[in-house]
């Protein structure tokens, strides 16, 4: 009696499976193809994420900063190298978020952008909070808002205005008004604890200011969640969602993005990049005070002007690119949208995290910083009120940023001894 050859089912067809003396099935051609396909996909994903961005040439500075930390005491170099090492990671983090948003749709995509859009700033802030460096947290987040509103938007308006010098570029006034309103609400949230502190009108000295900050932070988070819901619940006919534009019908096909990497690949890259940013952020934060001494720069200048460069590299490049393509609504979403996220989401979030950590993180950013933010929001709101942009407006915003940078260069932080 002949022994039956075992059969296996592949793609709906039964085929004879090869046998070995002990009855174990040999690997089939299809399984080797599958494993080869997985390797090829992984290699393609690495090539796209790591080797397509020229900014990734700065990646070796990350490991170099760790080596310097253990071999030298040159805090200035450690700070500079870790800052350069985090910059491309922040840009790639934004790229992975965008890729994941393509699969999840606009609602979840909007929430992802709200969470990971400023992940670098949040990670640096949490490490600084853990070390009790509350002033560094406050000043770096303030610096991100100022940088986005003045430098990023100024450069974008200037570049777009030079390319399209024969016309005024147009954007949605409604979007600008809503964002300006939220920024003014954030200023209000920061102003009252500072005024309470400096007028010495607290019910309980030192405690009322922190309690008010925590209450205001919870209110600001509720306001931002309401704004996200309002923005993502089909109001696009009146208020263009941040990061989108009202494109002509013939351009819609051109606007549709195709995913370059798979959904789970994007999730994996988000996890890997977030861990690496977290790792480098610890060295960056630990080197700040030493860098201040060795580079002879005030901690306030490092926190407000230099640190935001790390988190805003991606925004800067994409805002300018979209402005040069005459897509001002996207530019506005990148620059003003990021400022709104930081002021209404990241700052209150840090107050709540500090509360959990037992740190007295509050919304009293001191008078100098609060006044700077208030004047900046007013200047930007006036610039955006007519819904047009040109190179002159861009130049004025850049010059305003230079004044702010010079102010912090000569500013002595009254609480620098506490942080």
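Even glycines carry a Cβ here, placed using N, Cα and C.
What TrEMBL lists as transmembrane segment is 77-95 (among others). For the transmembrane segment (77-95), same-chain residues at least 6 beyond its ends with a Cβ under 8 Å from one of its own Cβ atoms are 49, 53, 55-65, 68-69, 116-117, 119-120, 269-270, 273-274, 276-277, 280-281, 283-284, 287-288, 290-291, 295, 302, 306-307, 309-311, 313-315, 317-318.
Taken from TrEMBL, the feature domain 'Sodium/calcium exchanger membrane region' applies to 77-232 (among others).
The transmembrane segment annotation in TrEMBL covers 107-129 (among others).
Annotation source TrEMBL lists transmembrane segment at 141-164 (among others).
Residues annotated as transmembrane segment in TrEMBL: 176-199 (among others).
Annotation source TrEMBL lists transmembrane segment at 211-230 (among others). For the transmembrane segment (211-230), same-chain residues at least 6 beyond its ends with a Cβ under 8 Å from one of its own Cβ atoms are 110-111, 114, 178, 182, 185-186, 189, 192-193, 196, 239, 340-341, 344-345, 347-349, 351-352, 355, 361-364.
Same-chain neighbours of the transmembrane segment (266-285): 45, 49, 62, 65-66, 69, 78-79, 82-83, 85-86, 89-90, 92-93, 96-97, 99-100, 103, 116, 119-120, 123-124, 127-128, 131, 133, 136, 259, 310, counting only residues six or more beyond its ends whose CB sits under 8 Å from a CB of the stretch. Annotated transmembrane segment per TrEMBL: 266-285 (among others), in sequence order.
Among the features that TrEMBL reports, domain 'Sodium/calcium exchanger membrane region' is placed at 267-408 (among others).
According to TrEMBL, the transmembrane segment annotation covers 297-324 (among others). Within its own chain, the transmembrane segment (297-324) has Cβ neighbours under 8 Å at 55, 79, 83, 86-88, 90-91, 93-95, 118, 120-121, 124, 135-136, 139-140, 142-144, 146-148, 151-153, 155-157, 159-160, 163, 169, 284, 288-289, 291, 330-331, 334-335, 338, 369, 389, 404-405, 408-409, 411-413, 416, 419, counting only residues six or more beyond its boundaries.
Residues or ranges marked as transmembrane segment in TrEMBL: 330-355 (among others).
The transmembrane segment annotation in TrEMBL covers 367-385 (among others).
Positions annotated as transmembrane segment by TrEMBL: 391-412 (among others).
The stretch with the most CB contacts under 8 Å to the transmembrane segment (391-412), chosen from 141-164, 176-199, 330-355, 367-385, is 141-164. The list of residues near the transmembrane segment (367-385) in space but at least 6 beyond its ends in sequence, with Cβ under 8 angstroms from a Cβ of it, reads 138-139, 142, 145-146, 149-150, 153, 171, 173, 176-177, 180, 183-184, 187, 190-191, 194, 198, 304, 332, 336, 393, 396-397, 400, 404, 407, 411. Nonlocal intrachain contacts for the transmembrane segment (330-355), taken as residues 6+ away from its ends with a CB within less than 8 angstroms of a stretch CB, comprise 114, 117-118, 121-122, 125-126, 129, 134, 137, 141, 144-145, 148-149, 152-153, 156-157, 160, 171-172, 175-176, 179-180, 182-183, 185-187, 189-190, 213-214, 216-218, 220-221, 223-224, 227, 240-245, 312, 315, 318-320, 322-323, 361-363, 380, 384.
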